[in-house]
Amino acid sequence: MINRKLPLLDIHRHLDGNVRAQTILELGRQFNITLPADNVAALIPHVQVIDPEPNLMAFLQKLDWGVTVLGDYDACRRIAIENIEDAQAQGLDYVELRFSPYYMAQSQGLHPQGVVEAVIDGIKSATKGANVKANLIGILSRTYGVKVCQQELDALLAFKDDLVAVDLAGDEIGFPGELFVEHFKQVHDAYLAATIHAGEALGAPSIWQAINELGASRIGHGVKAIEDIELMNYLRDKRIGIESCLTSNIQTSTVNDLAQHPLKQFLDHGILACINTDDPAVEGIEIEHEYLVAAPQAGLSQADIEKAQANALEIAYLSYSDKKALLTMASTR
C-alpha cells in the first residue's frame with residue numbers, strides 16, 4: 001500500500017512515453033497523419049504493450065506513435081500539460097518528467113530547442129495552482145548517435161536553469177556509455193546532475209561506467225547490479241540511487257517475472273532504490289499499480305514498500321527545504 005503520510009513520488013517517468021491514446025488520435029487528425037487505427041480501442045495495441053516484448057528496443061517502438069503526431073510546438077506543450085494532469089490525477093506529490101527533445105522533434109521536422117521551450121512552458125503553466133510539483137530531466141537519445149546527442153544537449157543546455165538533470169537513454173547495447181563521456185562533462189560543467197539508464201540491457205560494467213565516467217548520481221533501472229556484489233556495496237555506500245521500474249522490466253524482458261526482480265534485494269542491501277512507472281501510457285499502468293500490484297508480486301513487504309517510497313524522496317533532485325516541505329505536507333494530511 002501507499003503510505004499517504006509520506007510524499008508519493010515518481011522520479012523515473014518519461015513524458016514522451018506517456019502520451020494518451022486519445023491525444024494521439026486527436027493530433028493525428030489535426031495534422032493529417034495516417035494512424036494504424038481510427039479509434040482508441042483499435043489504436044491501443046499499436047501504442048501500448050499488451051504482452052512482454054522480446055527486448056528493450058522492441059518495447060521502445062511502442063512510444064513512436066506518441067511522438068509521430070507532434071506536428072507543432074503547441075502539440076508538445078499539450079502533452080506536457082497532460083502529463084501534469086495525469087500525475088495530479090494519480091495523487092502524486094512530486095514528479096521528475098524526462099523527455100528527449102530530438103525524439104519528439106524528428107518525426108515532423110521540429111527543432112529540438114523549440115521542443116524544450118514548449119515542454120518547459122507547458123509544465124510551468126500546468127503546475128501553477130496544481131497539487132503536484134514537477135521538475136524536468138533532459139534525455140540524450142543515444143540511439144541517434146554521438147553527433148545528434150550533442151545537438152540535443154545544446155538544445156537542453158540553452159534552458160539549463162529549467163532542468164535538474166540530464167539522462168542517457170535508448171539503445172544501451174548499440175551505443176554504450178563510453179561514447180558519451182564528453183557530453184556528460186558538459187552536463188556537469190552546467191551544474192546539472194546525471195541519471196543514466198544502465199544495467200537494463202547490458203550488465204554491471206555498464207553501471208560502473210555510468211558512475212565512474214559519466215558521473216551518475218542515480219541509475220535508471222540498474223537491474224544488472226545484482227550480478228556484482230562490489231557494485232551493490234558501492235551503490236549503498238555512495239548513496240547512488242536506483243530508479244526501479246517493475247512492470248517496465250517485465251515488458252522489456254529484462255526480467256522474466258516479478259518474483260525474480262532484484263528490487264527486494266537492493267532494499268535489503270541498503271541501496272536507495274525506489275518504485276517508478278517509466279512509461280505509464282505505453283505500459284498501461286500507473287504508479288498505484290506499481291505499489292499495490294507489482295511491488296507485492298516482486299516480494300516486497302509493506303515495510304519494504306514504505307522504504308522504497310521514502311527512498312524516492314531521499315534521492316529526488318530537490319533541495320533539502322523542498323524535501324522537508326513535502327514531508328510536512330504529507331504528514332499533516
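The backbone N, Cα and C atoms fix where each Cβ goes, and this holds for glycine too.
Of the residues His111, His183, His188, His197, Swiss-Prot places His197 in the same Zn(2+) site as His12, His14, Asp278. Binding site for substrate per Swiss-Prot: His14, Asp16, Gly170, plus Asp279 from the candidate set Asp268, Asp279, Asp304. In sequence order, His221, Asp279 are the recorded positions from Gly170, Glu200, His221, Asp279 with a C-alpha within 10 Å of the C-alpha of His12 (Zn(2+) binding site). Rounded to a whole number, the C-alpha distance linking His14 (Zn(2+) binding site) with Gly170 (substrate binding site) is 12 angstrom. Contacts of Asp279 (substrate binding site) defined by a Cβ separation under 8 A and a same-chain sequence distance of 6+ are given as Arg13, His14, Gly17, Asn18, Lys62, Leu63, Ser248, in order along the sequence. Other than His14, Asp16, Gly170, Asp279, the residues of this chain whose Cβ falls within 8 Å of the Cβ centroid of the substrate site are, in sequence order, Leu15, Gly17, Leu60, Leu63, Arg98, Phe99, Ser100, Tyr103, Ile139, Ala169, Asp278, Val282. Across the annotated binding residues for substrate (His14, Asp16, Gly170, Asp279), the two most widely spaced Cα atoms sit 13 Å apart.
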